[in-house]
Amino acid sequence: MENKLRLDIVTPHGLVLSEDVDEVTAAGTEGEFGVLPGHVPFVTTLKIGMLILRKDNKTEYVFVNSGYAEVSPDKVIILADSAERAEDIDIERALAAKKRAEERLAQAEKYDFARAMAALERASIRIQIAERKVPR
Ligand code: ATP
(Lines of atoms letter the chains of each structure in order from A and count residues from 1; the text may use other names and numbers.)
(Lines give C-alpha, C1' and ligand atoms only; values in the text may rest on other atoms or scores of the structure.)
Protein backbone atom coordinates (compact mmCIF):
# COMPACT_ATOMS: atom_id res chain seq x y z
CA MET A 1 0.00 0.00 0.00
CA GLU A 2 1.34 3.43 -0.95
CA ASN A 3 2.77 5.53 1.88
CA LYS A 4 2.01 2.89 4.47
CA LEU A 5 4.24 0.55 6.36
CA ARG A 6 3.30 -3.02 7.10
CA LEU A 7 4.03 -3.66 10.78
CA ASP A 8 4.27 -7.28 11.92
CA ILE A 9 4.94 -8.09 15.58
CA VAL A 10 5.76 -11.75 16.11
CA THR A 11 6.56 -13.64 19.32
CA PRO A 12 7.08 -17.33 20.11
CA HIS A 13 3.47 -17.23 21.36
CA GLY A 14 2.16 -16.09 17.96
CA LEU A 15 1.40 -13.08 15.78
CA VAL A 16 0.51 -10.10 18.00
CA LEU A 17 -0.19 -7.56 15.30
CA SER A 18 -0.10 -7.24 11.51
CA GLU A 19 -1.30 -3.90 10.19
CA ASP A 20 -0.64 -1.15 7.68
CA VAL A 21 0.47 1.92 9.64
CA ASP A 22 1.84 5.42 8.98
CA GLU A 23 4.72 5.52 11.46
CA VAL A 24 6.44 3.29 14.00
CA THR A 25 8.61 4.33 16.95
CA ALA A 26 10.43 1.64 18.91
CA ALA A 27 12.94 1.24 21.73
CA GLY A 28 16.22 0.11 20.18
CA THR A 29 19.11 -0.89 22.43
CA GLU A 30 21.01 2.06 20.88
CA GLY A 31 18.09 4.42 21.49
CA GLU A 32 14.58 5.14 20.35
CA PHE A 33 14.09 5.20 16.57
CA GLY A 34 11.28 6.22 14.28
CA VAL A 35 10.35 4.71 10.93
CA LEU A 36 8.31 6.28 8.14
CA PRO A 37 7.55 4.65 4.78
CA GLY A 38 10.64 4.65 2.55
CA HIS A 39 13.13 4.27 5.39
CA VAL A 40 16.52 2.81 4.52
CA PRO A 41 16.79 -0.85 5.49
CA PHE A 42 18.42 -1.72 8.81
CA VAL A 43 18.32 -4.30 11.56
CA THR A 44 18.60 -3.53 15.26
CA THR A 45 18.14 -5.14 18.64
CA LEU A 46 15.32 -3.97 20.88
CA LYS A 47 15.21 -3.46 24.63
CA ILE A 48 12.23 -3.91 26.93
CA GLY A 49 10.08 -0.96 25.94
CA MET A 50 7.15 0.66 24.31
CA LEU A 51 6.40 0.56 20.60
CA ILE A 52 4.27 3.44 19.34
CA LEU A 53 2.36 3.15 16.11
CA ARG A 54 0.50 5.91 14.36
CA LYS A 55 -2.28 5.04 11.97
CA ASP A 56 -4.83 7.46 10.46
CA ASN A 57 -4.20 10.05 13.21
CA LYS A 58 -4.63 7.43 15.93
CA THR A 59 -1.80 6.41 18.24
CA GLU A 60 -1.46 2.94 19.73
CA TYR A 61 1.02 1.69 22.33
CA VAL A 62 2.34 -1.85 22.35
CA PHE A 63 4.54 -3.49 24.98
CA VAL A 64 7.62 -5.15 23.45
CA ASN A 65 9.92 -7.37 25.50
CA SER A 66 13.35 -7.25 23.81
CA GLY A 67 14.12 -8.87 20.44
CA TYR A 68 14.92 -7.58 16.96
CA ALA A 69 13.52 -5.12 14.45
CA GLU A 70 14.03 -5.53 10.72
CA VAL A 71 13.21 -2.35 8.82
CA SER A 72 12.75 -2.10 5.07
CA PRO A 73 11.16 0.73 3.01
CA ASP A 74 7.64 -0.73 3.21
CA LYS A 75 7.84 -3.04 6.23
CA VAL A 76 8.82 -3.29 9.90
CA ILE A 77 9.11 -6.76 11.39
CA ILE A 78 9.45 -7.02 15.16
CA LEU A 79 10.56 -10.36 16.60
CA ALA A 80 10.10 -10.16 20.37
CA ASP A 81 10.25 -12.51 23.35
CA SER A 82 6.77 -11.31 24.27
CA ALA A 83 4.52 -8.41 23.26
CA GLU A 84 1.02 -7.21 24.02
CA ARG A 85 -1.26 -4.49 22.71
CA ALA A 86 -2.40 -2.08 25.46
CA GLU A 87 -5.88 -3.62 25.64
CA ASP A 88 -4.44 -7.13 26.07
CA ILE A 89 -2.30 -6.23 29.09
CA ASP A 90 -3.56 -7.79 32.31
CA ILE A 91 -2.80 -4.95 34.71
CA GLU A 92 -3.38 -7.06 37.85
CA ARG A 93 -0.83 -9.57 36.59
CA ALA A 94 1.66 -6.80 35.87
CA LEU A 95 1.11 -5.25 39.32
CA ALA A 96 1.72 -8.68 40.91
CA ALA A 97 4.89 -9.15 38.80
CA LYS A 98 6.11 -5.69 39.86
CA LYS A 99 5.55 -6.47 43.55
CA ARG A 100 7.34 -9.83 43.19
CA ALA A 101 10.30 -8.19 41.46
CA GLU A 102 10.54 -5.45 44.10
CA GLU A 103 10.50 -8.05 46.88
CA ARG A 104 13.30 -9.94 45.14
CA LEU A 105 15.36 -6.78 44.67
CA ALA A 106 15.00 -6.08 48.39
CA GLN A 107 16.58 -9.50 49.10
CA ALA A 108 19.32 -9.22 46.50
CA GLU A 109 21.50 -11.85 48.19
CA LYS A 110 18.85 -14.53 47.57
CA TYR A 111 17.88 -13.69 43.98
CA ASP A 112 19.44 -12.95 40.61
CA PHE A 113 19.56 -9.12 40.59
CA ALA A 114 19.63 -8.66 36.80
CA ARG A 115 16.71 -11.04 36.35
CA ALA A 116 14.63 -9.23 38.97
CA MET A 117 15.51 -5.84 37.39
CA ALA A 118 14.36 -7.07 33.98
CA ALA A 119 11.10 -8.39 35.50
CA LEU A 120 10.56 -5.01 37.19
CA GLU A 121 11.21 -3.20 33.89
CA ARG A 122 8.71 -5.41 32.02
CA ALA A 123 6.04 -4.98 34.68
CA SER A 124 6.55 -1.19 34.99
CA ILE A 125 6.26 -0.59 31.26
CA ARG A 126 3.21 -2.86 30.99
CA ILE A 127 1.55 -0.86 33.77
CA GLN A 128 2.45 2.47 32.11
CA ILE A 129 0.95 1.33 28.82
CA ALA A 130 -2.15 -0.25 30.37
CA GLU A 131 -2.83 2.89 32.39
CA ARG A 132 -2.04 5.03 29.32
CA LYS A 133 0.44 6.95 31.46
CA VAL A 134 2.65 7.47 28.50
CA PRO A 135 5.14 10.30 28.22
CA ARG A 136 3.63 11.98 25.17
P1 ATP B 1 4.86 -12.80 34.64
O2 ATP B 1 5.85 -12.86 35.78
O3 ATP B 1 3.54 -12.20 35.02
O4 ATP B 1 4.75 -14.10 33.86
P5 ATP B 1 6.75 -11.89 32.67
O6 ATP B 1 7.25 -10.51 32.40
O7 ATP B 1 7.75 -12.84 33.26
O8 ATP B 1 5.47 -11.74 33.61
P9 ATP B 1 6.84 -12.73 29.94
O10 ATP B 1 7.91 -13.77 30.06
O11 ATP B 1 7.21 -11.39 29.36
O12 ATP B 1 6.13 -12.52 31.36
O13 ATP B 1 5.62 -13.29 29.07
C14 ATP B 1 5.13 -14.62 29.16
C15 ATP B 1 3.77 -14.65 28.47
O16 ATP B 1 2.80 -14.02 29.29
C17 ATP B 1 3.73 -13.89 27.15
O18 ATP B 1 2.80 -14.54 26.28
C19 ATP B 1 3.20 -12.53 27.53
O20 ATP B 1 2.55 -11.88 26.45
C21 ATP B 1 2.24 -12.88 28.65
N22 ATP B 1 2.12 -11.84 29.68
C23 ATP B 1 2.99 -11.58 30.67
N24 ATP B 1 2.55 -10.60 31.47
C25 ATP B 1 1.36 -10.20 30.94
C26 ATP B 1 0.40 -9.22 31.29
N27 ATP B 1 0.56 -8.44 32.36
N28 ATP B 1 -0.70 -9.11 30.54
C29 ATP B 1 -0.89 -9.89 29.46
N30 ATP B 1 -0.03 -10.84 29.06
C31 ATP B 1 1.09 -11.01 29.80
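The backbone N, Cα and C atoms fix where each Cβ goes, glycine too.
Feature annotation from TrEMBL assigns coiled coil to 91-133. Proximity of distant same-chain residues to the coiled coil (91-133), defined by a Cβ-Cβ separation under 8 Å and at least 6 residues beyond the stretch ends, is recorded for 48-50, 61-63, 65, 84.
What TrEMBL records for 5-83 is domain 'ATP synthase F1 complex delta/epsilon subunit N-terminal'.
For the domain 'ATP synthase epsilon subunit C-terminal' (87-131), DSSP puts the residue distribution at 36 helix, 0 strand, 9 coil. Annotation comment: TrEMBL describes 87-131 as domain 'ATP synthase epsilon subunit C-terminal'.
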